[in-house]
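Asker: Below are the features I grabbed from Swiss-Prot:
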BINDING   GLY88, 91-92, THR96, 98-101, 116-124, SER128  5-phospho-alpha-D-ribose 1-diphosphate binding site
BINDING   GLY88, ASN119  anthranilate 1 binding site
BINDING   SER100, GLU234  Mg(2+) 1 binding site
BINDING   ARG174  anthranilate 2 binding site
BINDING   ASP233, GLU234  Mg(2+) 2 binding site
Amino acid sequence: MTILNPITFPVILESLLASNDLTEEQSKFLMNSWLENKIEPVQTGAFLAALRAKGVSGDELSAMAKILQDASTTPSDLPSFDLVDTCGTGGDGANTFNISTGVAFVSAALGVKIAKHGNRSASGKVGSADVLENLGLPLNVSSGKVVEALKKLGITFLFAPSWHPSLVNLAPLRKSLGVRTIFNLLGPLVNPLRPKSQVLGVAKADLLDPMSVALKGMGLKRAVVVHGAGGLDEASLAGANQFRFLDKDVIRSEIIKPGDLGLTQISNESLKGDDLKTNSHILKSLLNGEGNQYHKEVVALNTALVLWVSGTEDDLSSGVKRALDCLNTDKSWLLFEQLRDFLAT
């Protein structure tokens with residue numbers, strides 16, 4: 001009887017088509033092959049389609065993410081203090097304003113060390129990089145400057161394409177496929193500054209478990225994965241939000257409504273953004289203490305999650321209150337201006 005080598009392209013594809021999860025070795029082999037440009041475009045299309053049809057596992061994600069993170073541009077002088085990243089997988093189609101970007105600056109204004117890892121929009125929605133650039137923040141900055149900003153100001157922004165040069169070859173094919181793939185899930189997992197805590201939003205409830213397992217597999221101390229009411233990849237004011245809380249290798253599930261934390265329940269329509277100009281105006285007003293109440297409340301809700309994962313607050317209600325107090329000042333905007341000016345020099 002002939003025993004097939006399990007680490008070959010045909011065997012891996014057959015396994016995926018049979019709805020079997022890949023082993024750690026197969027996952028790493030596949031990612032390394034992509035990074036080394038050893039997979040033909042037609043094979044890549046088949047693998048990406050098969051992974052999506054099967055449904056990705058948390059172990060597959062963590063194995064691939066570790067390889068991708070190791071291949072990123074990693075500064076030699078990584079900060080010694082613990083960092084937090086806040087982002088979503090995107091793909092919710094809700095066209096909200098840039099909630100997680102606002103959360104990053106409010107959290108940093110409250111003393112959390114934030115390494116925000118982001119990109120331009122791939123779907124017509126305004127991405128974090130788009131809105132920050134429009135407000136004057138330079139994107140193409142040296143890795144040393146990015147880390148220096150973090151040490152000096154407690155917040156920095158990593159423009160993803162500058163830190164993952166090995167993925168350049170895959171970009172045209174991913175775009176031509178026209179559907180979301182495993183790379184949309186890997187992006188939020190591979191911050192090159194290796195934060196020990198993270199708040200991560202998912203647009204589909206069936207991603208809650210694999211993404212929380214992936215974060216655990218990558219060794220994070222604390223994390224929150226959230227699927228917002230109404231399908232947001234952020235905690236929402238629209239109703240019951242589904243959570244996975246990771247703490248000391250234990251993952252627990254919880255459902256939290258806005259009213260549980262003293263917040264207004266209102267539809268996601270109230271959180272709509274629009275074009276780049278509109279989203280930039282919303283973000284600037286919000287950080288300046290001038291945003292509307294619903295914008296403040298949804299940012300406060302998500303900031304409370306950051307305060308929890310960072311160990312700053314153990315109680316979400318207290319975190320919401322601290323965030324709302326901050327959002328009634330211009331502290332977050334002043335911090336943005338400091339980061340913008342520092343990165344521009």
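One-based numbering along the chain as shown.
Each Cβ is built from the backbone N, Cα and C atoms, and glycine gets one as well.
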Asker: Given the binding-site residues HIS117, ARG120, which one has the fewest other C-beta atoms within 10 angstroms of its C-beta?
Answerer: ARG120
Asker: Looking at the binding-site residues GLY88, ASN119, ARG120, ARG174, which ones sit with their CA no more than 10 Å from the CA of ASP233 (Mg(2+) 2 binding site)?
Answerer: GLY88
Asker: Counting other Cβ atoms within 10 Å, pick out the least crowded of the binding-site residues SER100, ASN119.
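Answerer: Taking SER100, ASN119 as the binding-site residues, the minimal 10 Å Cβ count falls on ASN119.
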Asker: Enumerate same-chain residues with a sequence separation of six or more from GLY88 (5-phospho-alpha-D-ribose 1-diphosphate binding site) and a Cβ-Cβ distance below 8 A; give 'none' if the list is empty.
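Answerer: SER100, PRO188, LEU200, GLY201, VAL202, ALA203, ASP233, GLU234 - these are the non-local Cβ neighbours of GLY88 (5-phospho-alpha-D-ribose 1-diphosphate binding site), listed in sequence order.
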Asker: Looking only at C-alpha atoms, tell me how far ARG120 (5-phospho-alpha-D-ribose 1-diphosphate binding site) is from ARG174 (anthranilate 2 binding site), rounded to the nearest Å.
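Answerer: That separation, Cα to Cα, works out to 15 Å.
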Asker: Hey, what's the Cβ neighbour count for ASP233 (Mg(2+) 2 binding site) at 10 Å?
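Answerer: Looking across every protein chain shown, the total is 26.
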Asker: Cα distance, the residue listed as 'anthranilate 2 binding site' to HIS117 (5-phospho-alpha-D-ribose 1-diphosphate binding site), nearest Å?
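Answerer: That comes out at 20 Å between the alpha carbons.
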Asker: How big is the Cα-to-Cα gap, in Å, between THR96 (5-phospho-alpha-D-ribose 1-diphosphate binding site) and ASN119 (anthranilate 1 binding site)?
Answerer: 16
